[in-house]
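Lifted from Swiss-Prot, the feature list:
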ACT_SITE  S329  active site, charge relay system
ACT_SITE  D340  active site, charge relay system
ACT_SITE  K354  active site, charge relay system
COMPBIAS  1-16  compositional bias 'Basic and acidic residues'
COMPBIAS  18-27  compositional bias 'Polar residues'
DOMAIN    124-206  domain 'PDZ'
REGION    1-27  region 'Disordered'
TRANSMEM  39-59  transmembrane segment
Amino acid sequence: MDDKQHTSSSDDERAEIATSNQDQETNSSKRVHLKRWQFISILIGTILITAVITVVAYIFINQKISGLNKTDQSNLNKIENVYKILNSDYYKKQDSDKLSKAAIDGMVKELKDPYSEYLTKEQTKSFNEGVSGDFVGIGAEMQKKNDQIMVTSPMKGSPAERAGIRPKDVITKVNGKSIKGKALDEVVKDVRGKENTEVTLTVQRGSEEKDVKIKREKIHVKSVEYKKKGKVGVITINKFQNDTSGELKDAVLKAHKDGLKKIVLDLRNNPGGLLDEAVKMANIFIDKGKTVVKLEKGKDTEAIQTSNDALKEAKDMDISILVNEGSASASEVFTGALKDYNKAKVYGSKTFGKGVVQTTREFKDGSLLKYTEMKWLTPDGHYIHGKGIKPDVTIDTPKYQSLNVIPNTKTFKVGDDDKNIKTIKIGLSALGYKVDNESTQFDKALENQVKAFQQANKLEVTGEFNKETNNKFTELLVEKANKHDDVLDKLINILK
C-alpha cells in the first residue's frame, strides 16, 4: 500500500466537460454559484463541488503506524471470517471484489464524514487528474445546449484546435456512433482515451457535416487566468493543483509588466486542492519564515512556514481577494494567511468554512482511501471550520446567481406550492419578466409570465414550467451571468 498525503479537489472534468444540462449526483446541497465558465458546469450540471484539502509533502509530526491491540485484532479477525464465510458458503456465488468494497464502504460510512471516502481504481484516476490538471483527450471545452453537444472553444494549441475544430461546432457522432440522447459526461468519456490513439468526431458546422480525426494527447488545464480591466489586474484562480503557484507568479509578473498596482485575486467558487500550493502561493506575498497554516492533530501542532523571500514585484501591489461561499479549503488557507498578515483586503461574501485536512492512501490495485486526519488553523490561530472567513467588505451576490437548481424532471403549474417556484420567480425577474412576489405559490400571474417567456423563446405555450422551459430558463440565466459579473464590477469600482 502506497501511503501518501496529497490533495483531493473536485471531480471536475475540466476542459472537455464545461457544461451539462444533465442531473448528476451531488455531495451536499444543490446551491449554485454562477461565475463565468466555472459556474456553467455547476449550474447546468447541478454539480456542486465538495471542497476538500489534503496535504502534499507534509508528513505530520510523530505519525506512526501502531500495532493492533487485542480488541482491534479480534474485530479484524471477525471481518475476515465473515468475508470468507460469505465468499465460500453463501448459497449464491458472490463477487469477492464487491464484498471487499462493501466492507470498506461500510467502515467509511460509519465515520459520518462527508470528506472521507473510498475510491475505486477508475475514480482514483479521475481524482488524480483533478490534482495534476492533466488528462488525455483532445482539449476542447464542450457544453450541452438545446440537447446538442457543442464545442465552446478548443484550447489554444490543443489537438482539437490543430484539427480545425471551431467554437459552436456541434458534435453528432463519436467514432461513427450517434451521441443523440447521451449525457455530456458520457460523450466526454467517449472522446477521451489512451494517449496517441485517434478519435473521429462527426461535426456539424452550419449545413455542412464532416468527419474530423484527432489524435489524443496529454492535456494540461491551467488553473490561473489573468486579465487587465482598466487599471486593475484580475487574476482568477480556479483551483489549487500542481504548479498553480507558478502560474500565479507568472500572472503577477504580467500585471507588474503592465504597470498595474491594484490586483484582484478572484477565488470565488474555488474548491481548494493542494495545500503545499497554497503555501507557495502565499509565499509570493508573505516573507520567508512566516507561518502560513497550522496543522493540529490531538495535542500536536505543526506550523507550516514560507521558505523563500516574497516576490519583489508583488511587494508594492495593493492586493484584494474576492471570495464567496464556494471558496473553500486551500482557498481559505491562502485567504486566511494573507488576511492575518494584512497583505490583502478580503471582499465578497463569507467563505465555505472547511478547516479539516484529508490524507490519501493508495493501494496496489489502484484504489484509494481518503480520510480526515487533522484540522488546520490560520496563522493567528483561527479555526474556520463551519464558520468560514468573513470578508472585510461585503459585496452581495445577485440572487439569480445563487439559485438552487430546479429538477427538470418536475413540471410546475397553477395551484402548486413548492420552494422551486420561488426560484422560478427570482430567475424570471432577473430575465426582465414582471414578477410581483417571491412566494412559493404558482399563481395566475406567474402562469402569464411563464407563457410570455415560452412565447419569447419559441417554446410551446402552456403556462406550465416544464422540462423544455426549465432548460431554456437555465441557459439564459447562465448567459446573463456570463455577460455580467456584477460582483467583480462593484469591486473594481470600489478600487478606482
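Note that Cβ sites are derived from N, Cα and C of the backbone, with glycine treated the same way.
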- Message: Measuring Cα to Cα, how many Å separate S329 (active site, charge relay system) from K354 (active site, charge relay system)?
- Response: 5
- Note on the structure: Other C-beta atoms within 10 angstroms of the C-beta of K354 (active site, charge relay system) total 27
- Task: Specify the count of other C-beta atoms within 10 Å of the C-beta of S329 (active site, charge relay system).
- Result: 35
- Reduce the DSSP letter at D340 (active site, charge relay system) to three states and note it down. helix
- Item | Helix, strand and coil counts within the domain 'PDZ' (124-206) (DSSP) | 21 helix, 32 strand, 30 coil
